[in-house]
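Visitor: Submitted below is the structure of interest, expressed as structure tokens.
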Amino acid sequence: MFSRPFVTPVTIDLQVKSITAGNMWEGLGFYKPANSKSNQMICSKGFRLNCSIDREMIVITKALVDSIAERSSETYEPGLSTVVMNFENEFDPYEAVSTPIYQTATFKQPSATVNGPYDYTRSGNPTRDALERLLAKLDKADRAFCFGSGMAALSAVSQLFENGDEIIAGDDIYGGSDRLLSSVIPRTGVVVKRVNTSDLEEVASAFGPATKLVWLESPTNPRLQISDIGKIAEMAHARGVLVLVDNSIMSPVLCQPLELGADIVMHSATKFIGGHSYIMAGVIAVKGERLAKEMYFLQNAVGSGLAPFDCWLCLQGIKTMELRVEKQQKSAQKIAEFLAFHPRVKKVNYAGLPGHPGRDLHYSQAKGAGSVLSFLTGSLALSKHVVESTKYFSITVSFGSVKSLISMPCFMSHASIPVAVREARGLTEDLVRISVGIENVDDLIADLDQALSSGPL
């Protein structure tokens, strides 16, 4: 398996001119980089990944710990919003409170034979580096990489594998991921096996000598099924297999799959990280130096890195992510409870409800049930009426926005899946998916009630 770090490094900013005891800091393991014009001192004993001038990954960065205070109190961990609001822009000489946008394609070099820290934005950009470092910290990862979309991020992961390799993938996942797995990845000679990842026996029986990756969602999209990330990771690692978890529905606020044993976590940053339906972006966060090097190579070689302005938009959205997620989740719980007792609703899929079969497992690996739920009415006509009759829910694909959204997956986000396949997986046409926003929850409930009550019998 890929190597994992056992220490977390620190950096410290010093007024070097005020130090009178010569090698005091050097004796503690700190050094000032040669030719550095800043006052930054770097710990030489920690594990770090970053891109050097020749675009290789080297062992000199911090993604997990940013101060001696954090390291000296290992049991204390600041809250997510505290981390986000106090994350420093190390590259900015003016210490702007809002991370600057380096909206440039290329960077001037000091000479014809010596390169500076950045040369071309495809290979690296200070604004993207700031976002990637922050996301790595939130996901407890060694490195994070930002791409132009969630699908671009997943496509990059798929390029880790070659002809003859096998991927075990969940059968209840986002429609775009399903299309990638069923219609694109097999073109490279990679074999994709589809299983119900909430059934551990089915997962175990799918492993073979060529298996290289298990790809899953928990909760799944759109039926909100729960998979045991930790046990699947144990099974996979015993066979030398990687585990990827699409964590888009949960976000870093509610679940950290890398802490549960996953090797790769993916987020569609379009969703809760951006949070306002104004950005399309994807994130891959990984554990281990080897995997980080491979992902950076692919991001750079393919040219799929997120543009500076889009990175800046994500940095703005992420500041309120925890506040939004908490508000949206609280409202979603109330809406799910309302729908569960509504006479015109046959079934509600939401892990926050007592009757959900994966509820206990979910809360053992996540902090909450999130704000995405789905329900069945038993009637395509009624479901269509509900979706088209609400006032405060916009009919659209996607989720995780401050605006409440509603959709019929079989005709929208999952329409690319053949009808026979959808039916075999239990994905019926009357399924309605809701993404709860930040509107007044009583207004949202009343809106759903009138839409359900006024529908055809």
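Using the three backbone atoms N, Cα and C, a Cβ is placed for every residue, glycine included.
As annotated by Swiss-Prot, transit peptide applies to 1-51, with the evidence given as sequence analysis. Feature annotation from Swiss-Prot assigns pyridoxal 5'-phosphate binding site to TYR120, ARG122, GLY150, MET151, SER268, THR270. Taken from Swiss-Prot, the feature N6-(pyridoxal phosphate)lysine applies to LYS271.
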Visitor: Give me the CA-CA distance between TYR120 (pyridoxal 5'-phosphate binding site) and LYS271 (N6-(pyridoxal phosphate)lysine), in Å, as a whole number.
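Guide: Their Cα atoms are separated by 28 Å.
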Visitor: Give me the count of other Cβ atoms within 10 A of the Cβ belonging to SER268 (pyridoxal 5'-phosphate binding site).
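Guide: Its Cβ has 29 other Cβ atoms within 10 Å.
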Visitor: Go through ARG122, GLY150, the listed binding-site residues, and name the one with the sparsest Cβ surroundings, counting other Cβ atoms within 10 Å.
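Guide: Comparing Cβ neighbours within 10 Å for the binding-site residues ARG122, GLY150, ARG122 has the fewest.
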Visitor: What same-chain residues, at least 6 away in sequence, bring their CB to under 8 Å of the CB of MET151 (pyridoxal 5'-phosphate binding site)?
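Guide: Looking at Cβ-Cβ distances below 8 Å from MET151 (pyridoxal 5'-phosphate binding site), excluding near sequence neighbours, one finds GLY176, SER177, LEU180, GLY282.
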Visitor: Using a 10 Å cut-off, grab the number of neighbouring Cβ atoms around the Cβ of TYR120 (pyridoxal 5'-phosphate binding site), all chains included.
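Guide: For TYR120 (pyridoxal 5'-phosphate binding site), the 10 Å Cβ neighbour count is 14.
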Visitor: Once near-sequence residues are set aside, which residues in the chain of LYS271 (N6-(pyridoxal phosphate)lysine), 6 or more away, have Cβ atoms under 8 Å from its Cβ?
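Guide: Within the chain, LYS271 (N6-(pyridoxal phosphate)lysine) has Cβ neighbours under 8 Å at SER248, ILE249, SER251, SER398, PHE399, GLY400, SER401.
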Visitor: Taking the Cβ of THR270 (pyridoxal 5'-phosphate binding site) as the reference point, list residues of the same chain whose Cβ is under 8 angstroms away and which are at least six residues distant in sequence.
Guide: SER149, GLY150, SER277, ILE279, MET280, ALA281, GLY282, SER398, GLY400
